[in-house]
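Below is one structure, written out as structure tokens; comments come after it.
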Amino acid sequence: MKRIEAYTDGACSGNPGPGGWGALLRWNGNEKELKGGEAETTNNRMELMAAISALSALKEPCEVDLYTDSVYVRDGISGWIEGWKRNGWKTAAKKPVKNAELWQALDEARKAHKVTWHWIKGHAGHPENERADELARAGMEPFKYAGHRTLKVK
């Protein structure tokens, strides 16, 4: 199985407001950068989109070390999601899970792979995380002055 390092980040101006996501994939000395954004979104949605996009870009089953600076993504995928699925996508307080469609997409995207989730402190000088942040901000840029639409930028 191919081993991949994925560094993901999301950004949002306004929260809600225009947002972007970025991902840096590394394997065997190769790199691939991904980015995209939306006109009206939240930082948590963009963090999820970054992870979904990174895993969905892989064309074959891989061993993935996925690095995120989002405690929301790390805690959700490493713990909360199993309870949400058991509870019909409701929280322990019986409220609908926020961003359920994205959590479901992330759950689906990870199935083909062996993913190890890592949390890293954001904006702490970690070069790959800083690059993912730059990609997320670049993915947001077209939406800062645009109408409500979605654009995937490669």
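Keep in mind that glycine also has a Cβ here, set from the backbone N, Cα and C atoms.
These features come from Swiss-Prot:
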type	residues	note
BINDING	Asp9, Glu47, Asp69	Mg(2+) 1 binding site
BINDING	Asp9, Asp133	Mg(2+) 2 binding site
DOMAIN	1-141	domain 'RNase H type-1'
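Secondary structure at Asp69 (Mg(2+) 1 binding site), taken from DSSP and collapsed to helix, strand or coil, is coil. Glu47 (Mg(2+) 1 binding site) carries a helical DSSP state (H, G or I).
The Cβ neighbour count for Asp69 (Mg(2+) 1 binding site), using a 10 Å radius over every protein chain in view, is 22.
Taking the mean position of the Cβ atoms of Asp9, Glu47, Asp69 as the Mg(2+) 1 site, the remaining same-chain residues with a Cβ inside 8 Å of that point are Thr8, Gly10, Met46, Ala50, Thr68, Ser70, Val73, Gly122, Asn129, Ala132, Asp133, Ala136.
According to DSSP, Asp9 (Mg(2+) 1 binding site) sits within a strand segment.
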